[in-house]
Every structure is written in structure tokens, then in C-alpha cells.
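Novice: Structure provided below as C-alpha cells; questions to follow.
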Amino acid sequence: MLGAADESSVRVAVRIRPQLAKEKIEGCHICTSVTPGEPQVFLGKDKAFTFDYVFDIDSQQEQIYTQCIEKLIEGCFEGYNATVFAYGQTGAGKTYTMGTGFDVNIMEEEQGIISRAVRHLFKSIDEKKTSAIKNGLPPPEFKVNAQFLELYNEEVLDLFDTTRDIDAKNKKSNIRIHEDSTGGIYTVGVTTRTVNTEPEMMQCLKLGALSRTTASTQMNVQSSRSHAIFTIHVCQTRVCPQTDAENATDNKLISESSPMNEFETLTAKFHFVDLAGSERLKRTGATGERAKEGISINCGLLALGNVISALGDKSKRATHVPYRDSKLTRLLQDSLGGNSQTIMIACVSPSDRDFMETLNTLKYANRARNIKNKVMVNQDRASQQINALRSEITRLQMELMEYKTGKRIIDEEGVESINDMFHENAMLQTENNNLRVRIKAMQETVDALRARITQLVSEQANQVLARAGEGNEEISNMIHSYIKEIEDLRAKLLESEAVNENLRKNLTRATARSPYFSASSAFSPTILSSDKETIEIIDLAKKDLEKLKRKEKKKKKRLQKLEESGREERSVAGKDDNADTDQEKKEEKGVSEKENNELDVEENQEVSDHEDEEEEEEDEEEEDDIEGEESSDESDSESDEKANYQADLANITCEIAIKQKLIDELENSQKRLQTLKKQYEEKLMMLQHKIRDTQLERDQVLQNLGSVESYSEEKAKKVKCEYEKKLHAMNKELQRLQTAQKEHARLLKNQSQYEKQLKKLQQDVMEMKKTKVRLMKQMKEEQEKARLTESRRNREIAQLKKDQRKRDHQLRLLEAQKRNQEVVLRRKTEEVTALRRQVRPMSDKVAGKVTRKLSSSESPAPDTGSSAASGEADTSRPGTQQKMRIPVARVQALPTPTTNGTRKKYQRKGFTGRVFTSKTARMKWQLLERRVTDIIMQKMTISNMEADMNRLLRQREELTKRREKLSKRREKIVKESGEGDKSVANIIEEMESLTANIDYINDSIADCQANIMQMEEAKEEGETLDVTAVINACTLTEARYLLDHFLSMGINKGLQAAQKEAQIKVLEGRLKQTEITSATQNQLLFHMLKEKAELNPELDALLGHALQDLDGAPPENEEDSSEEDGPLHSPGSEGSTLSSDLMKLCGEVKPKNKARRRTTTQMELLYADSSEVASDTSAGDASLSGPLAPVAEGQEIGMNTETSGTSARDKELLAPSGLPSKIGSISRQSSLSEKKVPEPSPVTRRKAYEKADKPKAKEHKHSDSGASETSLSPPSSPPSRPRNELNVFNRLTVPQGTPSVQQDKSDESDSSLSEVHRGIINPFPACKGVRASPLQCVHIAEGHTKAVLCVDSTDDLLFTGSKDRTCKVWNLVTGQEIMSLGVHPNNVVSVKYCNYTSLVFTVSTSYIKVWDIRESAKCIRTLTSSGQVTLGEACSASTSRTVAIPSGESQINQIALNPTGTFLYAASGNAVRMWDLKRFQSTGKLTGHLGPVMCLTVDQISNGQDLIITGSKDHYIKMFDVTEGALGTVSPTHNFEPPHYDGIEALAIQGDNLFSGSRDNGIKKWDLAQKGLLQQVPNAHKDWVCALGLVPGHPVLLSGCRGGILKLWNVDTFVPVGEMRGHDSPINAICVNSTHVFTAADDRTVRIWKAHNLQDGQLSDTGDLGEDIASN
């Protein structure tokens, strides 16, 4: 049975690691201290934390294990689960403490917890087995299993699984986490290894530790990049330990049978958890995979912290515990608040640079102490049943005993009750105890009186002697002693008489019951072992008989003396005899008790069959003793004494007779034994005589043989030889027989044991067979039950999902109806209000009062739909806001007409209640607002303090490095020139000043830490404000009021933050431009000075000295400069490291020319005639970096996307944007005139202009697309800035300071309302290095005013759809736009063209427009997502953008045509609708997805059968086979497993291969024939994969991402072929025709590419692709 749940708190130990050498060198101070002898740690000056264990810097591994873990291992043998997990920041010593980082050269004293626990475990197992064998018990059986899990990037990996691919760590694992019926957590799909010895376990630990993911960061050389959980399962089968009471009960039950051992099975699991450390990316310097791992680690630790907070915070214990937020907390569920003894080891760093991490760790650890676990013993069901039956047996035995003793009775009606005798016995026992106390008190009184009598009698005798003149002190003492002895003897005599009287009565009763004890059976000859024992027993019995006879004589003599002394004492003593007789009786009673005890012992030795009767006699004797005492107190007559002595004599006489009989029996037995002995001896003598006669006969025969002389000597020798041979053979036979006899005797002796063992084993086998049959039957039943349960649950889940879908559909319908009703109701209310004003007009004054009152009290907000609509109206038409406020206020103030006649009364009540509620709500809102403001200010203060502390730490680190450099320089100078050098003194003085600065900074750090601690304490105290009470006390109306204000405050705060951010970005852009300009001017100045310095040595020396002084100073903002790797430096480094720029310019430091750089360098600006050489040199250097150059680094050059709009190609063609416009124009003109570079496109020049004009563009950032546009468009991309393309070429000539009026107009209104201009396809300028490019951009199509979302093409035509609500048709032969297909309700998200029918299909919101472009752009039909068909245009072309989707419709994300053009498939919602284009009818739907279908592609399997592949936001890809004429709902034929980690964005089919791109940045390759995954690239791009396409004429896959990068992949090997920057904004679509590739992007252009240098999917030229990346 499971033991009662025992609440055990999570125990917390804090371990402070020693300081690292690096921290000591950098001057880090220790900010922790430990109270000696107390588990208390101080952080900073006075912030104390108390834990269960605290281990200081000098603590050893053995100490930690002994104090914390040893008890948990012992508890595992009793069936208790245990967990040890190390928690703390990275580099705090968790892996070292746990011992999961296996090191071969580790010393024994440095071994971690796991190694010591394993040794302790197996040592205890051996000890328990040895102890059981010594005690004669069956040894316990142990089964030890081990598991080693790793939680990497929220995926559970099995470190014991040797078959898994170590490189595929990001692949989804098949391990599942489940919870059993008792709340325990177990895993499915994990490798479990059975181990029997310590070396095996250590080998398993070693293998798992070597497979664990580790990497190097700036804070830790070998940092754990995953959470590790090493689990040991111990299963123990042992003999059930029994208590003394159970032993006694069992002995009574099985006293006649052999004892049977009962076994119990205990299980326990021990988790050793090594958590990865919490990280700050700034400090670890993690990028790429390391950064993702750090984010995943922090997410898991955040979930763990939330669980600890929910369990440890007393106010949150009733709330939900978020175990399922992370797999880490799910695995540790039973360790935190479950069935486990848990110890948390918080590892912290003592250095002050880790102050905040240490503080947070200690806070979480302190909170974890409040977690209560419910610990219980883990037993199997059989052991639980045995324990339950034992307790039941014990209870029933107690109940049976109570029935036997009469405590419980059952009356006539069957009702159980307590017997009155029990209560009476309890009362009598109480009374008996009281009487015993009284007797004891009376005994003390008697002793005192006896002493007093003795004293008085002795004094009286002394007086008599004194009168006679014979008084002497010795005589008086002698008299006193005699009198005392007489008194004692008299008391003993009285006691003996009373005892004898009782014994006489008992004997009389016993004789009447059984006159003979039949004791002869006890002394029967069968029991007596030998004659000696029998003789001894007889002698003892005779001695006892003699003693009894002597005692009888003494009793007779004493009786006579008593009679004589009685006569004398009656005449002398008088009244005092009563007390004396009492004392004498008591003394005699004591003597008689001793004698009686001796007699009892003798009788017990002789008569063993009557022990029970003697116990009853003793009880009666005790009762009679009390009666005897009472009688001795009452009667003192001599007749009673005589009667007692006579009874005693009779008793002794009876005993003598009995013992005489016993002696006679013993003597008879002895005589019989002697007779048997004599007969045995006679028979023995007879056998000996017979043996002697046989020997004599043998000798006589031999003598006769020797006396025969007739035989010859030869014959005698022959006979003798034969006889000797026979004799020798017989001797051998005799020896053999003797050996066989011994063996036979031994076998006979062992046969019984073997038979017993055989029977026992046969019984065990039969029991095991029965058990096996029973278990198999039970397993089958359980499996059948589980199967039925699973099927029932699946049906229930399916039904619930179906019901949920129905409810959701009904809910959407109801919401739409509600919105319509609200609109109608609002209009009706306004009409009613207007009619009332006409009937009963109100004065302006009164109306103004009402308006002001309602506006000041902030009338409750309307419904969400109306508020959203009013929000739109307010933002788009701010001028009408004040006009609309008064009518709306009146509508809200006046209630709707009611059917009864009490409208005015109802109105007054509602109005007064609303004012009162508003006032109360306003007070509550002010309280909450103040609290929110306080929290914000506290967090800002703490954040500022942390920033100050980090700044101080950086300063201290910088000063420490400078001091180290000076120290090394001093040592060098001392070695070279001795200590007498003056420079040594200067260096020492400078070092002293640096030390003083470091000390000052340390004091500042300490003050900052103290302030942070005070703020933390204030925050903790402030959190106790009962804000929840205020919220709980709110009514529904007040809650709406508060929610409205919270929403308004959130919007205002967000607006303020956005404005501040925009201002910051503008200022950053200006600052960066200023810095670049300043740097360029400084470089020009230095260049001029350097030319002069060649002629002036003093100036040269001065410049060199300045360079040396500036060389030693590192950049102030080292982190920022390290993160921004590009040609432009960060603001912090630009101003402070002028020397590096100057040295680069002078050639003293060679710049690291990176392969991707295509910007004009400063050397090229200064030496215009050498630019070609520089570019060639850079190209040559770039060619060494390999075929694949990374593109992402081009985005990390320190500029934001909004502040640096110039692409890499523009930077090559134009001057740096930081230079003034004149310089840029001069350089551009010179380059055009001298080198004849082709003129860049208008967009290119416009970008260069717009960068300078950025502040003005910031003000017009708002567009009418809004948030709803981005939510409706398939892939959410960064918002693009709407610009007007009215006069692209003239805009370049506008002066820099004058804003564009047309642009302002474009931003104020929708772009579709402006004049539609024809687009044009321009040739794209060729650049250097394009020969190594796999794709070459040959043309660019410009004409859309907003982002291009979709594209389709043939060999002659190009179709593009955009956010500007138009679809343009382009002629690829002439390069002109030939038509624009109308204005759509919203964004055109998909476009398809049918070659067979010349129809164009465009998609916008829930509509599909069908265009016939053979004669003119004419919409012939409109299809809807619900399956409706309308001739012509169903949605009229409105001037405003339509965001709302009609009720019953859903957003259409993409459409696709089958190869024959007969069927159209439209992805709307989570289904795909099929359209028969011959009849323009909807024939059915493809269902099965749980999320919206984002993309689809169609292929033809055979004639009349289409293959449709769909990708959804639910991460899954499904395949449908649709035959011609299929109707209704079609289910998927296959689901591709495993799914992506995020929604699917693009699909492409090539033969039997399917390619899928997802928002998880990965691309997967599937086999359509085998329906399985072939290959995958988890991080193919650094952002969403938005589009896929196949390069025409080559087995190459092209992928485009949201970052604007294009990558090429070999279709067969799935190896990357190349990458390039396709656009400066997200790529939305890719399509191909027979010769070209088309890419559409958010930059409002479509680029046309041609395959170049591709042969069979490989690059023909091994040159670097970086040139093309930069050029594009």
C-alpha cells in the first residue's frame, strides 16, 4: 500500500564557486559572504538569504555529497523518488557539481555527485545482500536501469541512442512525455540500459556525456548548450520487514508450520538534472546557432521560474501551475510539487560582475524552498495488497480479542456495542490502583508506627533498668535491637500466616478439581536422556522431600512455641498486640511468599503440564492475600493462628504425598531402564562370544591347513598365492563396499532434503505458471480495455472537433449578424434621437452641460466592432471627431424606448447610477494607474542602475587591462635598464593613479549594488499592495470602464513609443551621416598632412606620436563595435578610434577587404584614378573565399533598414550617402563621363535621393493599408513605405531641401486613386563580376506603386498583382505594360493565366475575378470563396479599400490551375474549393487541414486525374488525388510526415520530387512516389522561405526569403549552388517560363533573371559569388 503522503519541502543548497583566474586578473571583487556555522549567505552588504545548506568558495565535492545527497540514495532503497538539479547562470559550476561533463583525467576528490551516487548505490546493494545472507534471509534482488536525456532546443534527445544522427539535432524527436494515473511522469521511446555494476553505469554516463551538446562562449569555454537529465531506476524485491507485533501474530498463526517469507517490490527513480545556464547574449557574444540555443535555454528556464513562482508563492498556489509551457518543466513535474524528495543546488558566482544573475538565482532558490512535495513509497500492487491485508488482519485480531475478552458484544438486534463488564473492569482497575496507593501509604504508616513502638518499648525497658540501677548504654542498645527484631519477626509471622491460609484454600480447591497431576508423563522414560539425568532428578526430588519434612517439623515446633508465647504475651502486652500481630503477620507473609515461590519453582520444574492452573492459583492467591491482610487487621485471636498453622501443615503433608508419588514413579522408570540396559548388555556379550568363537574357528582352520604335510611345497605356495589374491580382491571389494555404504548413507541423508527442495521448486513453478496465465489474461483484458477506451476517446474527440467547428461557424455567423444589427441599431437610435430633438428641442446651454458632463466622465466604450470602426474614423478623419462626439454622447445617455410607461423614471435611475459608478471607477482607475506608473518607474530605475553597473564594470575592465599593460612594460624596462630609469617611476605613478581609479569604481559598483538591493526590496514590499482586491471588487460596468482606459493608455503609450523610436532612428541616421562626413574630412585632412609630412620630419614625428597615443586606447563601446562588422563603424568606435581610420588611409594597417564589399572605399575616394586597381584587387581577394559567400552579414553593418536604404549595388555606383550631395554628384558625373558606366535605373537614383530626404518621409509613414492589410496578406512582411511614382525622373532633380508635394498627396490618399501610369521593363545595368554569378538580372519591371505580391508568366506575357489593388499585364517582347486589370477590393494576392482559354484569374479578399484579355480588360465572372458565381463584377470598384470580408466568406490565399486548364483550385480558409471551368461551377472541396491553406500546387498524374499538394499554417503538407467528375468533399490520400515547425509558404514539384518552404526558415525535399522525406535543410535561409521555383533548363531549385536573398540548390543532391541578394525587401513570389526567372518583391519591382554559368546544377566557374551578391 502506498504510504500516506508526507509533505516534504524542496531543500535548497547554495554553492558559491571560486573566482576564476580571469576574474581575478580583471579585478572583480567578491560580493558574497557566508555566515560561519549558519546556512546563510549575504549578497552585497546586508542582503541576507537563508537556505537549507550553504557551501562557500572552499567547499569540496565530498562535503556537498555527504550533507545533501547521501540521504536521498538511502531513501531510494525504501522506495522514495529523489531529484537533484543544479540551477544557475552559465559558468557557475553546475556541470562540475553534478559530474555530467565527463573528464578522463579527473581526480577522485573532484568527482561529481552522479559518480559518487553511483558508487554509493552499488555499495549499498552489496551490503544489503550480504546482510540478508548473514541473517539467514533470501538476499534481495535489485534491477538497476539508466536513462540519459538531453533537452536541446525544446527537443528531447536520447543520449543512449546509438542509431540517431548526431548532426540532425534540430530534427523532431519521437520521444513522448506522458503522465500515469498517480501523477507520475514517464517517457516513451527512450533507450533504457540495464546495468549490474558500477563500471557499467560509469561507462553509460561517459557515453552519454560525450554525446552531449557543448560549445564555447565568451563566458564559458565549455558551455552546456542543453539541459541533461540522467535518471536511475531502482527496482528492489526484498523480504517484507515485520514489526514485533506482527511477528508475535505470525508466530501464533503459523506456530505448527514452517515460516514463509513474504516479499515486497519497491521502485524508485533518481533524477540528476544538469540545467544549462541562463545567458545574456551581450555577455556570451553568442550568434547564429549559439544565440538560438541561448534563447531556447532561457525560454526553458523562464518556464521553470514560472513553475517555481506558481508553486512557491503562497498567494499563487491555488492558480494553475504551467508545467506544459516547456518540456523541461513537464519532465520535472513530479520533482516540483509531486512525489519526490528534491534538492535544488543553486550555483552562483561570487564576482560582482555577475551580481544581477546571482541575485536572481538566489531569489528563485529562496522561492523554491516554499514548494511542498508529496512524498510516498512506490510499491507494486502485490506489496500494497499484502500490507493492506496485514493491517486488516491486525485489525480483525484486535477485534476478535475484544470479542473474546467481552469488551465487544452483539445484542439481540445485531447491534455492536461495548460490554458493561469492560467499563466495570476499567473502574475496578482504577479502584485497584487507588487501593494499591493506599496500601503503600498504610505500609509506610505501619513502618513508622513500628519504629515508634520499638522506641517506646526500649525506652520503657531502659527506665525499668534505670530504676533497678542496672542501666547501661550497651544494654539499652541491645534491648532496642532485640525489640526491633522481635517486631520484624512478628510482622513476618503474621504475613506468613495469611499467605499459608490462602495457599491452603487454593490447594483445597486444586485437589478438589484434579487430585492427581498425572505428572508421570512428564518424567516418562522417553524424555529422560540418560541414567545420570534420571538419578539426578530422583536425588533432587528426595532432597525436596527431606526439606518438606524438616519444614513440617519446624512448623510443629513453631506452633508449640507460639502457643506458649501467646499465653505470656496476653498477660504482658495488652492492647499493643494488635499492631504487633499485624506486623508479624506481614513479616510472616513475606517469608511464606518466598517459601511459596521456591515451592512453585520446584513444582514448575517437576510439573510442566499445569502452568495455566498455577497462574490461576497465583491470581487467587493475590486476591486471598488482600483478604488475608484485611482479616489479619480484624482478627488477632490465637485460634486463627493455629488454624493457619494446621492448614499449612496439611498443605505440606499433601505436597509430601504428591512428591512421594513422583519419586516412586521415577524409581519405577529407573528400574525399567536398568532392566532394558541389562538385557542389551547380555545380548552384546552374546554377540561378542559368537565373534570370539568365529575367530577361534578361523585360527583352527589355518592351523589345520599349516599342519597338513601331504601337500607339496609348490602346491602350498600356489594355494597361498591364490588365497592372498582372493584376500586382496576381497579387501578391495570390502573397501569399495564401505565407500559405497558411506555414499549411500550420505545420499539417504540428503535425499529427504532434495525431495523437500524438489517439491518446493515444483510448487513455485506451478505458482509461476498460474501467475503467468493470470497475468497474460489480465494483459489481454487491459489491452482490450485500452483499445476500446482509445477508440471511444477518438470518437469523442472527433465529435467534439466537429461540434467545435460547428460552434465556431455559428459564432462567426452570430458575430456578423450582431455587427449588422449594431449598425442598424445605431442608425435607428440616431434617427430616434434626431426625431426627439425635433419634437422636444433642448437649449444649447443645457445640451452643452450634458455634453460636458458625459465627456468628462468618460462614457463607457461601445462594442468592439463599433470601437474599431470609430478608431478608424478617428485616425482617418480627425477633423470630424469633435462633430461626432455630441450625438454619440446623447445616444449613450438616452436609453432606448421601452414598452412600459416608465421611461423617464428608468432614465433618471440609470443616469444617476452611471454617474456614481463612473466616479468609483475613476478612483479605481487612478489607483491602478498610479500602481502601473510606480512599477514602470521601478523597472526603469533598476534598468538604469544595471546599465550604470555594466558601464562601471567595463570601465574597471579597461583600467585593469591598462594597468596590466603598464605592469608588463615596467617589467620589460626593469629587465632592460634597471629600476633607476625615470620611466619606471612614471609608470609606477600612473599605475597608482589607475589603482585609485579602480578602487573608486569598485566603491561605485558596491553603492550601485546596494541601491539595486534596496530597489528589489522596495519592489517586493510594493508588490504586496492589494491591487487584485481592487480589480475583484469591480462591477461589470466598472471593469469595462477600466478596460477601456487600459486600452486607451496602451494605445497612447504605443504611439509615444513609436514616435520616440522614429525620432531616435532619424537622429541616429543624422548622427551616422555626420560621423561619416567627419571621418571622411578627418581622413582627407590627415592625407593632406601626410603629404606635407614627407617634406617636414617634425610633422611626420608628430603624426606618428599621435598614432601611438591613440593606438593604446580601445574603443569605449566594445560590444557595439564587435557586433557591427562592416565598412561603417559604430558611433562609439567612430569618434574614439580615429587612429585606425588614419592608419588605414596611410597604409600602416592593411584593411581586411571582405569578398562581399562593393562600396567605394576611402582610398578610392581619395585616389579616383586608382579605383579600378582597388576594385580589381578586392575582387582578386574575394575570389579566395570560396564559392558561397554569406549574404546576411551585409545586413549587419550597423545601419537600420529604414536608415540605410541604399543597397550594395547602389553603393558601388554612387558615392557614400554620408557625403554631401555635391560630392556625390561630382563623383557620379565623373564616373559616368570617364568610365561610361551605364546609367542606373530611376529606382536606383531615387533610393539615393530618398535616403537624404528621410526625415520628411518619416512624417508620411502612415498608409491606408493598415494592420488589416498585413493580416490579410499571405506572408506578413515588414511594412513598406508607399511612394508615388508620378514623375520618377523629375523627382531626381528636385533640390534636397524641398519636399515633394506629390509624395505627400500619395501618402494621404490611396495609391489607386492617383493617375494610373504605364509600367515599363528596363534593362538592368551589368556590373563587374557577373561572370561568376549563377543567375544574372537582365531586366527590371517597374510600374506598381506598392509591393508586388504575385506573378505569373508565359513566354510572351507577364502578369503581376500588387498591394495597389491592380493586376498588370506586360508584353515581354516590347517591354511595355499593355493593360491594367481594374481596381480590386484589396490586395491582389494571386494571379494565374490559362493558355488554352486566354483567361486571367485574379484573387482579392474572398473573390476570384475572371478576365478575358483577348479584346479588352473585361471581367466576365466573379467567383466567391463560398462557391457562388456572379456574371460580371460582383464587387464594384470602390475608391476606398475594402477590408471587411462578407459573412459566410473567407480569405482566399492562393489559386492554381490544372495543366489542362479545365479545373481551378482555390485555397480559402482551411479547405480548397474545386471549380469546373467548363461550366464555372463549384464541384466540391478538399478538406483535412486544421489551419488556413497558404499555398498549393497542381500536377497531372494521368489523363483526367489531378494531383494536388497543399500546405497550411498547421505545419502539415497533404496530398489529394482528384479524378475528373469528383464531387463533394475529398479527403487527403496522404499526410507528409514529419511536419515543418511553422506554416508552409511555398511548394514546387519537379518530377517525383516535391519541395516545400516554410516560415521555420527550412526547405524539405519529399519523394512523391514513396511518400516520404528525402532530405531537409533546417536553416536554409535566415528568414521565412516565401517562394520556390525551378530554374528553366537546369536541375536547380531557386528559393527566395523574406530577407530578399535568393539561393540555388541542386535538385538531386540538395547541395547549395549559390546565393545572392535578389531584392532589398522581402521576396513574395517566383515564377518561370521557358527561358527566364521572375521574382516579385516588396520594393514594387519584378526582376527578370537568366541562368548563367550553370551546368547540370553546378557552377561552371569556381569564382566567388560575392561579386554578384554585391552587384545585385
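From the backbone N, Cα and C atoms, a Cβ is placed for every residue, glycine too.
Reproduced below are the annotations present in Swiss-Prot:
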{"type": "BINDING", "residues": "GLY88, GLN89, THR90, GLY91, ALA92, GLY93, LYS94, THR95", "note": "ATP binding site"}
{"type": "COILED", "residues": "365-840", "note": "coiled coil"}
{"type": "COILED", "residues": "933-1021", "note": "coiled coil"}
{"type": "COILED", "residues": "1055-1085", "note": "coiled coil"}
{"type": "DOMAIN", "residues": "9-371", "note": "domain 'Kinesin motor'"}
{"type": "MOD_RES", "residues": "MET1", "note": "N-acetylmethionine"}
{"type": "MOD_RES", "residues": "SER258", "note": "phosphoserine"}
{"type": "MOD_RES", "residues": "SER524", "note": "phosphoserine"}
{"type": "MOD_RES", "residues": "SER1227", "note": "phosphoserine"}
{"type": "MOD_RES", "residues": "SER1231", "note": "phosphoserine"}
{"type": "MOD_RES", "residues": "SER1241", "note": "phosphoserine"}
{"type": "MOD_RES", "residues": "SER1660", "note": "phosphoserine"}
{"type": "MOD_RES", "residues": "THR1662", "note": "phosphothreonine"}
{"type": "MOD_RES", "residues": "SER1671", "note": "phosphoserine"}
{"type": "REGION", "residues": "556-646", "note": "region 'Disordered'"}
{"type": "REGION", "residues": "780-808", "note": "region 'Disordered'"}
{"type": "REGION", "residues": "836-886", "note": "region 'Disordered'"}
{"type": "REGION", "residues": "1109-1139", "note": "region 'Disordered'"}
{"type": "REGION", "residues": "1172-1315", "note": "region 'Disordered'"}
{"type": "REPEAT", "residues": "1447-1485", "note": "repeat 'WD 3'"}
{"type": "REPEAT", "residues": "1488-1530", "note": "repeat 'WD 4'"}
Novice: Determine the Cβ neighbour count for LYS94 (ATP binding site): the number of other Cβ atoms within 10 Å of its Cβ.
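Specialist: I count 28 other Cβ atoms within 10 Å of it.
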Novice: Let me make sure I understand the structure: which of the binding-site residues listed (GLY88, GLY91, GLY93) has the fewest other Cβ atoms within 10 A of its Cβ?
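Specialist: Comparing Cβ neighbour counts within 10 Å for the binding-site residues GLY88, GLY91, GLY93 gives GLY93.
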Novice: Cβ-Cβ under 8 Å from ALA92 (ATP binding site), same chain, 6 or more residues apart: which ones?
Specialist: ARG17, GLY277, CYS347, VAL348, SER349, ASP354, THR361
Novice: Test of understanding: give the count of other CB atoms lying within 10 angstroms of the CB of THR95 (ATP binding site).
Specialist: 26
Novice: What is the number of other Cβ atoms found within 10 Å of the Cβ of GLN89 (ATP binding site)?
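Specialist: Cβ-Cβ neighbours of GLN89 (ATP binding site) within 10 Å number 23.
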Novice: Report the mean pLDDT of the predicted model across the domain 'Kinesin motor' (9-371), rounded to a whole number.
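Specialist: Value for the domain 'Kinesin motor' (9-371), mean pLDDT as a whole number: 80.
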Novice: In the region 'Disordered' (780-808), how many residues does DSSP assign to helix, to strand and to coil?
Specialist: 29 helix, 0 strand, 0 coil
Novice: THR90 (ATP binding site) has how many other Cβ neighbours within 10 Å of its own Cβ?
Specialist: 24
Novice: Can you check what DSSP calls GLY93 (ATP binding site), collapsed to helix, strand or coil?
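Specialist: Coil, per DSSP.
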Novice: Within the repeat 'WD 4' (1488-1530), how many residues are helix, strand or coil going by DSSP?
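Specialist: Split by secondary structure, the repeat 'WD 4' (1488-1530) comes out as 0 helix, 28 strand, 15 coil.
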